[in-house]
Structures are given as C-alpha cells and as structure tokens.
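*Asks:* Once you've had a glance at the structure underneath, I'll fire off some questions.
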Amino acid sequence: MNEIEKMIESLCPDGVEFRELRDICTPLRKATLKVSELLEDGEYPVINSGRNLYGYYNKYNNEGNALIVAARGEYAGFINYIDTKFWAGGLCYPYRSRDEKMLLTKFVYYILKVNEIDIMEKLVSRGSIPALNKSDLDLFKVPVPPLEIQQKIVKVLDIFTELEATLEAELTARKQQYEYYRNNLLTFDNGDSHPLKKYLEELCSQGVPCKILPEISVNLDRIRKPISSSKRVKGEYPYYGASGIVDFVEHYIFDGDYLLISEDGANLLARSTPIAFSISGKNWVNNHAHIIEFRNDVTRKFVEYYINSIDISKFISGGAQPKLNQENLNKIEIPFPPLEIQQMIVDILDKFDKLVNDLTTGLPAEINARRQQYEYYRNTLLTFKER
C-alpha cells in the first residue's frame, strides 16, 4: 500500500463525496476570434476546440490555472489544462475551481482527463459536426477527497507529465540531430564539411560517382501482384503495400531481403512515413510498392537512407493520386561511394535510427514505458469509492 492509499484509508475510509461539475467549478470567459485575428507571434496562447493551440493573440480573457474542454468538432470532449494567461475561444468550455482551498483545478483536470474517452463516447453527440452540450458536461460527477490527498495526487501526476514532456523534447532534438547528420552524410558535394572527408579523399579522390537503380540492383516489379481484400486468406506471411504491412496471407511470392519503394499514394508527397523501407523473409508484395533486390545488405540500406532523405517531387506524376512509376524511379541518381564508406554511413545512421525510432530499445520505447506507468498510476490514484 503506497502513501496515498494509506492517506485515503485513514482520511476517508467510507469513500468520498462526488459533486457535479457545475457545483464545484466556475465557467470562465470565452469569446470567438476570427482566423484573420490570430497572430504567429502573439503574446498569449489561444485555446479553442482542437487538441493543440488555435494560435496566439495579444490579449487574454482568462488568467491561468484553468481546465478547458473542447465543445465542437472532431476533438469535442478533449480535455486541456493551462497555467498561464490565455484567450479562450468560442468553441470550448473553460472552468476553474470555485474554491482552491477545497478543490484544486488541476485535480479536476486530471479527473476529467482520465474520463476523457467516456466523455467523448457518452456525452458528445455525433451529428455532422460532433458537439458537447455544456448542460450535459455540467452534470459530470467529480470525487472530492480531502485537499491533502488531492495535492499528493497532483504532485505525482505532474512529475510523470513533466518526465514525458522532457523525453518528448529529447526525442525531437535527437530527430533533428539525426536529420542533420543524415543530410550531411548523404551529400557528397559539400567538400571539406563532409563528416567522412578523410575517407572520401583516400577512397574516391576523384569524387563520388552517381548511379541509377538499374545499375546497382534488380527490379522485381514483374513478380508482385495484388490480392483484393475479399480474396485474401489469412495466414502468417506479411502482405505489403506502399507504406508497410497491409495484411497477413497464407502464401508468399518473395523470400529474401528487399527494399520496397512506394509507387503511389499521398505519402509520396506528404512523407509522413518513409517511402523506402527494407523487408526480410517470406512475404507478398502488391502493386503499390516497387520491389528492389540488391547484391548486398549494405547498399540496400544505404539506398534506403538516401531515398528517404531527398526530395523526389519532380519524379512524381499524377494529380489527386501521386505516382512514382518505374520509369521515373529509374531516373533518380544516387551517389555511390565505395562499399567501405557506404558501410560507415549506414552504421552511423543505424545508431541514430535505433535511438529515435526503435519501439523496443530507443527513446520511443522509454516514452511508451513512462506513458504506461503514468496511465497506471493515474487510473489507480483517481479511482475513488463514492460515499
């Protein structure tokens, strides 16, 4: 039994009082701002109906220490908290505790946050525009334990929140560092500034030649084939499309190590996920990804990193449905240093990639572990017996 559980058992052994939101919190001011009134570098954040800031403005209509509930739109029911002066837009419900000596606003925020999914599913009406009526939200019941218990719980949850924010900031910094090194390592016309300058001078003193894919690999597009979802039979083999695994099927048509490069789809331009990715083992590939086989794993991985680092928009055709056909794919010139240098570059980028993308050992794994720990404590600490 932890310290907080002991306090609950000692101070409220029979449970705690639950009170409706309208009785314990005061609605705060809000006012609609036009998009044209928002500023990129305004002094105060504007919170409206989204998950993120709506923008900035040079005036505020509320002090900090407030919880805000999105009222309309895709994220209706989303719960936010802010501790600085801010402008509340017209499509949200801002609140503050009526008496901080009896009930902490931050505690109410955590209570609502742990119930956010229930609020979205049970209180938000799902018409053409999702909406949360304030009259329904005001009836939401909040447990009111003794103030010292609230303070302890808020302190613990704040620590987890700050830790996650720190890890997220570190991950962002490492991703920026990774992109910087990747771009520098894969640019060979940067002379004296290349990180591997010494090796480049030794191994390719005349410069790094460029190759096209048909010169360094074999295209296996002729073998791939799509299977409509209605005809797929579930099995153990991954079925790949333009952005990764789409399904698992009972048969395979490839067995080996390959590089897949997206052939079509909005991601060719958006680049939300890598357009080139390596696969291994038995698998099936449909006609939305080019399948390329290389002589060795080092070159395959080197080309994967290079393709993901460059702008390929000039090779993409089509309007609503962007397409990178095989003819244009084969026009992309790829710097091709000696294998030893390819290996050095791949080794460096593999380490960065593992740090920023690996879900089992890198920063994402650490963030996920802390998030799960936070959710466990949050759910445990914010569950009270009603008196």
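Please read every residue number as a count from 1 along the shown chain.
Positions of Cβ are set from backbone N, Cα and C atoms, glycine also.
So TrEMBL says this about it:
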| type | residues | note |
| --- | --- | --- |
| DOMAIN | 13-172 | domain 'Type I restriction modification DNA specificity' |
| DOMAIN | 222-368 | domain 'Type I restriction modification DNA specificity' |
*Asks:* Calculate the per-residue pLDDT averaged over the domain 'Type I restriction modification DNA specificity' (222-368) and state the result as an integer.
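*Replies:* Over the domain 'Type I restriction modification DNA specificity' (222-368), the predicted model scores a mean pLDDT of 93.
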*Asks:* Treating G and I as helix alongside H, and B as strand alongside E, what does DSSP give for the domain 'Type I restriction modification DNA specificity' (222-368) in helix, strand and coil?
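*Replies:* Breakdown, helix to coil: 52 helix, 44 strand, 51 coil.
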